[in-house]
Amino acid sequence: KVNYCKIKCLKGGVHTACKYGTSTKPNCGKMVVKAYGLTEAEKQEILKVHNDFRQKVAKGLETRGNPGPQPPAKNMNNLVWNDELANIAQVWASQCNYGHDTCKDTEKYPVGQNIAKRSTTAALFDSPGKLVKMWENEVKDFNPNIEWSKNNLKKTGHYTQMVWAKTKEIGCGSVKYVKDEWYTHYLVCNYGPSGNFRNEKLYEKK
């Protein structure tokens, strides 16, 4: 069993699974939690949206950008699901506190993160695939002709993590809650090894 309190994160701070423990039970105050965690089908959907998009970019079929198209890649692998990443992501999602947690690395590697939430009054929750598409759509603001890190990462940083070539694994956590008649789906995806290292390449261009 991993002692998360002993993990030293690249960015410092106390590990999420030490600070909150490893229980994924929601801690959401006045929000009425309708569901937490992901079904097998939802996990597969998240993986499929990521890998379809990674292959689309790798093949040079992504025409969007500022300017587009995005150049093809020669080292883009498919991501695989990692339960440890998912559990740590779920501990954080279950705090219902929208934002990034500081320390979520594993013994194996530093960990990156994408977050999204969507709220609707339509008494239903958006699918996780819809939330992942929000990250994908940031490609429209991405300029491939300058160094990737010179882009505005507030606008494009989820996209760059999604297609970061050296990332191999993903695990996500989710909470669906209701507050004041708003139905909110909050999704946290953790990636290992982390992307968005300024001195490394997004991917090898073909």
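Cβ atoms here come from the backbone N, Cα and C positions, even for glycine.
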Disulphide pairing with Cys96 per Swiss-Prot - partner from Cys28, Cys103: Cys28
Cys103: disulphide-bonded cysteine as recorded in Swiss-Prot, out of Cys9, Cys189: Cys9
Member of Cys18, Cys172 annotated by Swiss-Prot as disulfide partner of Cys189: Cys172
All-chain count of other Cβ atoms within 10 Å of Cys28 (disulfide bond): 18
Integer Cα-Cα distance in angstrom, Cys172 (disulfide bond) to Cys96 (disulfide bond): 14
Which listed residue (Cys9, Cys96, Cys103, Cys172) has most other Cβ within 10 Å, given these are disulfide-bonded residues: Cys172
Mapped DSSP class for Cys172 (disulfide bond), helix or strand or coil: strand
